[in-house]
Amino acid sequence: MSINWYKYASPASFYFLAGRMIPYFSIAAIVLLIVGLYIGFFVAPTDFQQGEAYRIIFIHVPAAWMSMFLYVVMAFWAGIGLAFNTRLSSMMATAIAPTGAMFTFIALWTGAWWGKPMWGTWWVWDARLTSELILFFLYIGFMSLQAAIDDPRRADKAGAIIALVGVVNIPIIYFSVQWWNTLHQGASVSIAQSPKMATAMLAGMLIMALAVWMYSIAMILMRARTIILERERHTAWVAELKGITR
Amino acid sequence: MLQGSNLECARGDRVLFSGINFSIKPGELMQVRGPNGSGKTSLLRMLCGLTVPSSGEINWNGTSIRSLGADYFSMITYLGHLSGVKDDLTAIENLRITSALAGVAIDEKIAYEALQKMGLEERETLLAKVLSQGQKRRVALARLILVNTKLWILDEPLTALDVSAIELIKNIIERYLAQGGMVILTTHQEIDISATVTHQLYLS
Amino acid sequence: MLTWVIRRDLLLAVRRQADVLTTLFFFIIVVSLFPLGVGPEMNTLRIMAPGIVWVAALLASMLSLGRMFSNDYLDGTLEQILLSPTSLSLLVLGKMLSHWLITGVPLVLMAPVLGIQYDLPFSALVVLTLSLLLGTPILSLIGAIGAALTLGLRGGGVLVSLLVLPLYIPVLIFGAGAVEASTAGLGFEAHFSLLGAFLLVSLVFAPWATAASLRISME
């Protein structure tokens, strides 16, 4: 691909590019979400072991995937911003954090909903759920640190350090939680573990994963646009922008 | 030679100063002046390498101080408006530790002599918390006698000092300049330091 | 150079013993509160002891993080440290080591006494003490990153707990796990090897990350 990426690395051109892309991603997210939920809740066959309750995985699993993936993406952009001093990358990291935290929260919440009919308890100290909870703490730490710092450049850099430290630690944390779990012979929740997943189940899951992707991209672009406006409010191009929109 | 070109300092949205140019050679003095809040301290911290200018460049003999890193730190001495004197250490301990940090390990005898030169006889082994503001400042300034650097960056070195101490500092700075040192300082007081060339830098 | 920093911090700690003792007594009080909360049933307490002692050690170590850099920050010494021609990572390593000597070592020494409160057998007491000896330096090393990042911030003390506690989890799991494994008659060598590996990794990365954080915070 011979796109000149540097053209989009300036906050101003990114602002307009993002503005044009948001509607497409939003529409895609809504359509995929409706289709995915329909397949998940009405088309996919009832699980012979878990009954109807298993259908929560169509939300739980994509949310959990996305929450982990977004942390890595966030750390990546924050690291790029720290290393090359590119403001837009740092703004992207800041924009990603709330969406990532929301997905960890959804994954935890739906995990509890699923656990109740399965085991009769809302919370199980299972390795995956526990790791997800710790991931949630890591997101909260990143966001609180950035919120506590007034100077946006310092916030960007400090956030980058803690995101990178976090991303190095995530495998260690995950591994140690798993060790801890096997040692204590706790319950093992494997929500998505069906030996033969019906095609409709698989399709629903993939469509929901795609919907979650589209939603994340749309939300992150929207938030990035807001951050850009806030940070660049004294520049000439934002001043012009106001003139046009009024 | 230290050279600053087109320096700008921004704090959040506010631009404290911009378009600052200067160059200072061995034996020369630069006084930075300006009202409170004009960014004198920010400029000095920038020249030390503690902060990065939002635009512009600072070069030492043609090389950016950023790329010099620790080599640059070994050539400068910075005294901020916080003295870096620990209340729970004695004057001698304070001086020995700050000198060690600056890369000059000194024994007690040398530290003792330096403190005496700064007019702190009989105070050497007292904890800094019983010293007055002016005396603490003298402890911090005693480092200037000991270090062997090419550039001094002094932020309000004369605050809290009495007349005799100001005279002392003036002499130390003049001797240093005569030996080919460079000094950048800010001060409220009118002080007449003789140097081959004295630059005045106004921030507004 | 390293010794200068450590000597200075130890000297300061000796002149201000109250700071050291507060952390230690916090540790003792937290550990002593649990029996009052869960009841004096010795069998329960014996099971919970390693976890309680370790969590209390985590909290005590974390509470003292604020002092690591903030005094130097307030009196201007930190600027001088940043401007030292010596590598900042090395100086920071000195600060971390002295933090451990001042707060970590007293916890390690106190742990067996607290273990007796919980009726731990002798072998478990030894493993508990050794696991703390191996684990508390990691707490100082990782904690320094959080302390450096929150330097001079409003509510920095609470914030540092949000940043640092999740990162302490592996140390907690393997530290307390070693004691549990030994009481269960299983080997605890694997736990110790892993703690040792964490220690080495954090010795390599933490000073560097803390140095970078300090430069960011001092801008």
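Cβ atoms are placed via backbone N, Cα and C, with glycine included.
Note: TrEMBL annotation is automatic and uncurated.
According to TrEMBL:
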- A:7-184: domain 'Cytochrome c assembly protein' (DOMAIN)
- A:21-43: transmembrane segment (TRANSMEM)
- A:63-84: transmembrane segment (TRANSMEM)
- A:91-113: transmembrane segment (TRANSMEM)
- A:133-149: transmembrane segment (TRANSMEM)
- A:161-180: transmembrane segment (TRANSMEM)
- A:200-221: transmembrane segment (TRANSMEM)
The transmembrane segment (A:161-180) in contact with the transmembrane segment (A:200-221), cutoff 8 A, at least 3 CB pairs, sep 6+: no
Contact call for the transmembrane segment (A:21-43) against the transmembrane segment (A:91-113), three or more Cβ pairs under 8 Å: no
Other parts of the chain folded back onto the transmembrane segment (A:91-113), taken as Cβ under 8 Å at six or more residues beyond its ends: 11, 56, 59-60, 63-64, 66-67, 70-71, 73-75, 77-78, 81, 122-123, 128-129, 132-133, 135-136, 139-140, 142-143, 146, 155-156, 159-160, 163, 189, 191, 212, 216, 219-221, 223-224, 227-228, 231
Whole-number mean of pLDDT values that fall within the domain 'Cytochrome c assembly protein' (A:7-184): 89
